[in-house]
Amino acid sequence: MAQIFNFSSGPAMLPAEVLKQAQQELRDWNGLGTSVMEVSHRGKEFIQVAEEAEKDFRDLLNVPSNYKVLFCHGGGRGQFAAVPLNILGDKTTADYVDAGYWAASAIKEAKKYCTPNVFDAKVTVDGLRAVKPMREWQLSDNAAYMHYCPNETIDGIAIDETPDFGADVVVAADFSSTILSRPIDVSRYGVIYAGAQKNIGPAGLTIVIVREDLLGKANIACPSILDYSILNDNGSMFNTPPTFAWYLSGLVFKWLKANGGVAEMDKINQQKAELLYGVIDNSDFYRNDVAKANRSRMNVPFQLADSALDKLFLEESFAAGLHALKGHRVVGGMRASIYNAMPLEGVKALTDFMVEFERRHG
C-alpha cells in the first residue's frame with residue numbers, strides 16, 4: 001500500500017507506530033482476550049492505563065504539582081462554557097482576546113454566562129494578517145480571567161508569546177491545536193484545555209490542566225460533567241470516560257517520550273514549517289497572507305494564484321497520497337495541518353508535489 005499523508009486539521013494523523021500497536025492489541029489487550037474498548041473503566045487494568053497516561057502527560061509538559069489534569073468529554077466547545085462556569089466565581093466579566101475564528105467562538109459562548117470584555121487583537125501589517133503583541137493587549141481591572149487561543153487552525157495564526165500579565169491575572173487558553181508541539185510554561189496559566197483530535201489522540205477526549213486554587217468556584221448551574229472539582233474528585237471518571245481515546249492518547253504520550261519529547265517535536269515542527277513556508281514564499285504561484293511573526297507551525301493555509309486550479313490541485317494531490325488539503329469553507333484555498341504525527345517526509349512529499357504542480361500549471 002502506498003504511503004498516505006493525512007493533512008487533516010482534525011481528526012488528524014496519528015503516529016504510524018501507535019496505530020500499529022493499537023491494531024495488534026485490538027482484540028486481545030493486555031492478555032485479557034478482549035479489547036481495551038470492552039473493559040471496565042474502573043477495573044485495575046484500565047486504571048493503570050489512566051494513571052500512566054496522566055503521568056506521561058505531566059512529564060511531557062512538566063506540569064507543576066499544584067495543577068490538576070482532567071480527562072474530559074465535550075471538546076474545545078465544551079470548554080468554552082466550562083471555563084466561565086468554573087472560573088468566574090462571584091465576578092461578572094472576563095477578558096477575551098479575539099485573534100481568530102476559535103477565539104470568537106469562545107467569546108460567543110461566554111456571553112451566555114458573563115459580560116466579556118473583548119479586545120480585538122487582529123491587525124493588518126503591509127497587507128498581511130497579524131496579531132498585536134501581548135504588551136498591547138488591553139485588559140480590564142475587574143475580570144475574573146483572560147482567555148485567548150494560541151493557535152487558530154482556520155486563520156493559520158499563532159501567538160507564541162508566553163503570557164506575563166502578573167500573578168493576579170488568571171490566564172485561560174485553548175491549546176487544542178498546539179498542545180505538545182512546543183514547550184510551554186504551564187505555571188503562567190490558570191487553565192489550559194485541549195481537544196485531543198489534533199496533537200493528542202482521537203476525537204472524543206479533552207484534556208484540562210487547571211491550577212488547584214481555581215477549583216471549588218463553579219457556578220451552581222454548572223452541569224456536573226463540566227465541573228472541574230467534581231471531575232477531579234472522581235479521577236476524571238464521574239461518568240464513563242472515552243476509554244479508547246484515553247488509551248490511544250496514552251500510547252501517543254509514550255511515542256512522544258520515546259522520540260525525544262516536546263523539545264524534539266519543537267525542532268521537527270520548526271523544520272517542517274520552514275520547508276513548507278519556504279516553498280510558498282519563493283513562489284508567485286502560491287500565497288500565504290499571514291505575517292511571518294504570527295504564522296502557525298501547525299496549520300498552514302495557502303492560496304493558488306489561479307483559484308480555478310484549486311479542484312485540480314486537490315484531485316492530483318489526493319492521487320499522490322496527500323490527503324485532506326482542502327481549506328476550511330470560511331477561507332477557501334488549501335490548508336496543510338502538520339501536527340506532531342506528520343513526519344518531515346510527509347511535508348517533503350507535499351512540497352515536492354507543489355513545486356511540480358507549479359511547473360506544469362504555473
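Every residue gets a Cβ built from N, Cα and C, even glycine.
Taking the Cβ of S9 (L-glutamate binding site) as reference, residues of its chain lying under 8 Å away and at least six apart in sequence are, in sequence order, T153, I154, S177, K198, N299, A324, H328, R335, S337. According to Swiss-Prot, the feature L-glutamate binding site maps to S9, R42.
When other Cβ atoms within 10 Å of the Cβ of N239 (pyridoxal 5'-phosphate binding site) are tallied across all protein chains shown, the result is 11. A coil conformation is recorded for N239 (pyridoxal 5'-phosphate binding site) in the three-state DSSP classification, outside any helix or strand. Annotation source Swiss-Prot lists pyridoxal 5'-phosphate binding site at G76, R77, W102, T153, D174, Q197, N239, T240.
The N6-(pyridoxal phosphate)lysine annotation in Swiss-Prot covers K198.
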CB contacts for W102 (pyridoxal 5'-phosphate binding site) [other CB atoms within 10 A, all chains]: 22
Residue pair Q197 (pyridoxal 5'-phosphate binding site), R42 (L-glutamate binding site) - Cα distance, angstrom, rounded: 24
Rounded inter-Cα distance in Å - N239 (pyridoxal 5'-phosphate binding site), R42 (L-glutamate binding site): 10
Between R77 (pyridoxal 5'-phosphate binding site) and R42 (L-glutamate binding site), the C-alpha gap once rounded to whole angstrom: 27
Site of maximum Cβ density within 10 Å, from recorded positions R42, R77, K198: K198
Minimum Cα separation from R42 (L-glutamate binding site), reported as the residue among binding-site residues G76, W102, D174, T240 that achieves it: T240
